[in-house]
Amino acid sequence: MSSAMKFDDTLGPLLLGGMFAMALWGITCVQTYTYFSRPRKDRPIFRLIIACLWAIDTFDTSLNIHLTYHYMVSNFMNFSALLIPVWSVILHVAITATSNFIIRTLFAYRIFNLSKGNILVTAWIMAISTTDLVTGIIITAKAYQLDNFLQLDTLSHLMYLTFAAGTGADLSVAIALVWLLRRSRTGFRKTDGLIKTLMLYTINTGLIVAIDAALGMILYVVMPRNFIFLGFYLLLSKLYLNSYLATMNARQDLRDKINEPVSIHLSEIQSGSHRFGSEELSPSMSEKSQQSTRPELSISIQTLVDKQVDSPIAQRQSRDNLSYHTGRAY
């Protein structure tokens, strides 16, 4: 960080990052209120975790306000103050690592249940998540011993590690969920459509968090002597928390779609398979039924009876395959 500092790469990123962080905190408040205002069957411990995550995010927002006020108001035009790391920006690292670890643990628990106890995948996610947490705490402890930001180079290896571990954990969670969702396909068009929606949502939310972490790491490597990377780091925990809350609040809508009545035409069942090619009676088949003779009418009645027997089975199978995504939370 040169002596002739520029506001564009010091105070600018702090201001923009703080503004976007405040906006994300507002969205977090709305999503948290939505979660608790709807009737839930979630366990009390899980609801307590959601409340704690909101409290942590609120405290993190107060840190953002303090560091912005410190550099832009209390030390206005005091260039030497920009060289000294204030306590709130240091503590922000540990708070971000803690919040992200809790959310990744919840995702890992979901993956463990959905995979029917796949210890290898779950252990990998927890290992790199723990690495990110421990590294963040170590960075916080060591950063309090620094006299200025110029000495941050002594912690570069830890900064690289925490960025890499966080990005790796986020990508691992997204890949594992997509893989498990893909295995859960049943052959029913409606159920597979919901699974496809969940896959796309998982990819999008996972990529947003991973891209933010990757950009922060790249900018720190390329420009370690300014605050541009910090602007992205201020958003990391809030993006992750919002993506998780959005998933939880979408469960009721997915339940409603699963419980909608399904019409299945048994004549389109593939030979030797339990997969159905269509969920609705096609118009051409309806016309043929109306024009059929008496013997054909009896066959149509038999088809209707079979549909009434198989439809609950289809719906029950659909609900079972998505129970970990839209059912009761942990």
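A Cβ is built for glycine as well, from the same backbone N, Cα and C atoms used for every other residue.
TrEMBL labels come from automatic prediction, so no person has curated them.
Owing to the predicted nature of the structure, the values given are computational and were not obtained by experimental measurement.
Here's what TrEMBL has on this protein:
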- 12-36: transmembrane segment (TRANSMEM)
- 48-72: transmembrane segment (TRANSMEM)
- 84-107: transmembrane segment (TRANSMEM)
- 119-139: transmembrane segment (TRANSMEM)
- 159-181: transmembrane segment (TRANSMEM)
- 168-252: domain 'DUF6534' (DOMAIN)
- 201-221: transmembrane segment (TRANSMEM)
- 227-247: transmembrane segment (TRANSMEM)
- 273-294: region 'Disordered' (REGION)
- 281-294: compositional bias 'Polar residues' (COMPBIAS)
- 310-330: region 'Disordered' (REGION)
- 314-324: compositional bias 'Polar residues' (COMPBIAS)
Taking the transmembrane segment (12-36) as the first stretch and the transmembrane segment (159-181) as the second, find out whether 3 or more Cβ pairs fall under 8 Å, excluding pairs closer than 6 in sequence.
no
Please give the sequence-distant neighbours of the transmembrane segment (48-72): residues at least 6 beyond its ends with Cβ less than 8 Å from one of its Cβ atoms.
10-11, 14-15, 17-18, 21-22, 25, 28-29, 32, 35-36, 81-82, 86, 88-89, 91-92, 95-96, 98-99, 102-103, 106, 234, 237-238, 241, 245, 248
Mean predicted confidence [pLDDT] for the domain 'DUF6534' (168-252):
83
